[in-house]
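As written in TrEMBL, here are the features:
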{"type": "ACT_SITE", "residues": "K207", "note": "active site, proton donor"}
{"type": "BINDING", "residues": "A10, G11, L12, G13, T14, V15, G16, A17", "note": "NADP(+) binding site"}
{"type": "BINDING", "residues": "K107", "note": "NADPH binding site"}
{"type": "BINDING", "residues": "E192", "note": "L-homoserine binding site"}
{"type": "DOMAIN", "residues": "355-439", "note": "domain 'ACT'"}
Amino acid sequence: MADALKIGIAGLGTVGASLVRIIQQKSNELAVTCGRPITITAVSARDKSRDRGIDLSAVIWFDRPEELAEKGDIDVFVELMGGAEGAANISVRAALQRGLHVVTANKALLAYHGVELATIAEEKGALLNFEAAVAGGIPVIKALRESLTGNAVSRIYGIMNGTCNYILTKMEKEGLSFAECLKEAQRLGYAEADPAFDIEGNDTAHKLSILTTLAFGNKIAADDIYLEGITNISIEDIHAAAELGYRIKLLGVAQRTDTGIEQRVHPTMVPVDSVIAQVDGVTNAVAIESDVLGELLMVGPGAGGNATASSVLGDIADIAKSQPGAQRVPVLGHPASALEPYRKAQMQSHEGGYFIRLTVLDRTGVFASVATRMAENNISLESIVQRSKQHLAPSHHQTIILVTHATMEESVRKAVASIKSEGYLFGEPQVIRIERPKEEG
Ligand SMILES: NC(=O)C1=CN([C@@H]2O[C@H](COP(=O)(O)OP(=O)(O)OC[C@H]3O[C@@H](n4cnc5c(N)ncnc54)[C@H](O)[C@@H]3O)[C@@H](O)[C@H]2O)C=CC1
Ligand SMILES: N[C@@H](CC=O)C(=O)O
């Protein structure tokens with residue numbers, strides 16, 4: 001049997017501790033499948049004394065991850081700390097500069113430094129693997145980077161954040177509050193160290209930016225994504241969506257348009273009978289539409305220690321099985337030097353269906369005025385209903401719910417602005433985009 005693959009792990013939190021446990025429990029099977037043992041020789045984490053339920057007696061402890069990357073007796077540096085800057089960024093760079101292979105689950109790091117890191121890896125002939133960075137246990141990176149070679153991708157969309165999907169599902173099915181659901185997601189190890197990254201949509205945006213680059217061959221453009229999180233979604237929206245035959249999901253969508261690539265992350269209404277609407281809890285789903293294959297939908301656990309460690313381990317096993325000096329698959333699917341500048345499609349040009357919920361004064365003429373403002377902006381309505389006794393609205397108010405046919409974002413924004421200027425609105429209008437799978441489009 002070949003020499004052991006020596007790995008050093010920086011970060012022993014939810015994912016790092018799961019990874020250590022799995023490698024230790026499955027060492028014999030791994031040695032057989034990979035053709036060589038996988039040995040954890042060194043680790044680094046902030047708290048040396050914490051009981052993680054794993055055996056670290058035979059490993060060397062580095063207080064600083066940078067030192068592990070620079071000096072550790074390792075073949076692979078596994079980064080499981082998180083954060084786009086600081087220790088993660090410095091240590092991954094140092095490891096690659098040293099010619100070490102790197103495995104990371106850190107989407108924030110890749111979203112902001114992925115192209116530079118891929119450039120260093122490719123110059124050094126090192127592997128930089130990051131399957132766990134997008135959609136946890138779903139092998140979507142490998143699918144896009146390798147299996148779909150030769151396919152021209154037209155759209156990728158999906159549920160890419162387990163925390164948000166868990167919250168939306170629990171709110172709908174168990175009637176729990178947003179805060180209670182988030183707390184539970186944190187307890188289960190799904191949320192980011194700062195959960196604002198989950199609920200404000202940034203985490204989905206980081207993941208989407210990576211998929212966009214793999215699919216379309218542009219430089220990563222994480223700051224060029226239209227972004228809305230789920231903090232504004234109320235139980236009233238969830239119920240109204242259900243009555244209309246939709247469910248609300250936080251989707252990341254990237255699609256090729258005539259004017260460039262559109263990247264957007266926002267709460268989205270999906271038809272209740274679509275597969276993606278059935279994806280509940282921490283489960284993620286990624287749909288890829290391409291010319292040769294058609295639609296590929298991948299569904300699986302999107303967060304949590306084991307789901308994520310499974311992908312990290314798969315990346316480590318790929319390194320164990322790789323031959324030194326063999327041709328490498330480019331880190332981002334295309335050689336880093338060949339990535340094109342990102343051509344951004346403006347959100348105003350987005351075309352799709354919209355759900356609009358307005359709380360208005362219960363006054364003669366308001367309903368007609370809302371319908372007129374829509375017509376003036378050439379917005380064709382699938383339905384418009386007026387309701388009283390919505391518990392959010394005071395007694396002298398009513399709720400108007402509109403669903404549009406496919407229309408331009410710019411028209412919807414203009415119509416909503418003109419409704420706001422009429423003076424009969426109570427609170428902010430709620431606008432939720434509707435996304436339909438290809439066959440239902
Ligand atoms: N938890 C999940 O479900 C998933 C997490 N990820 C990513 O995996 C990475 C790790 O996530 P978790 O394990 O959930 O995080 P965590 O917060 O549970 O663990 C992070 C670990 O890194 C250590 N650490 C952080 N900064 C450090 C520093 N400067 N020096 C030494 N140690 C440091 C902490 O002490 C802790 O042991 C993150 O990039 C996260 O975005 C990716 C997919 C799913
Ligand atoms: N916080 C993330 C973890 C996985 O990427 C999520 O909830 O999806």
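Any Cβ shown, glycine's included, is placed from N, Cα and C.
With respect to their backbone Cα atoms, the residue listed as 'active site, proton donor' and the residue listed as 'L-homoserine binding site' stand 13 Å from each other.
Report note: the NADP(+) site is defined by A10, G11, L12, G13, T14, V15, G16, A17, and the residues of the same chain whose CB lies within 8 Å of the CB centroid of those residues, excluding them, are I9, S18, L19, A45, L80, M81. Residue counts for the domain 'ACT' (355-439) under DSSP, split into helix (H, G, I), strand (E, B) and coil, are 25 helix, 30 strand, 30 coil. By a simple count of nearby Cβ atoms, those within 10 Å, the most crowded of the binding-site residues A10, L12 is A10. Packing around K107 (NADPH binding site) is summarised by its Cβ count: 29 other Cβ atoms lie within 10 angstroms of its Cβ, all protein chains included.
Under the three-state DSSP scheme, G16 (NADP(+) binding site) falls in the helix class. Proximity of the recorded positions (T14, V15, G16, A17, E192, K207) to ligand 2: a Cβ under 6 Å from the molecule is found for E192. In sequence order, G82, T163, D198, D203 are the residues near E192 (L-homoserine binding site), counting only same-chain partners six or more apart with C-beta under 8 A. By neighbour count, meaning other C-beta atoms within 10 Å, the densest spot among the binding-site residues V15, A17 is V15. Following the DSSP three-state reduction, the secondary structure of K107 (NADPH binding site) is helix. Listed in sequence order, I9, A10, V43, A45, V78, L80 are the same-chain residues six or more apart from G16 (NADP(+) binding site) with CB atoms under 8 A from its CB. Taking only the Cα positions, the spacing between K107 (NADPH binding site) and T14 (NADP(+) binding site) is 16 angstrom.
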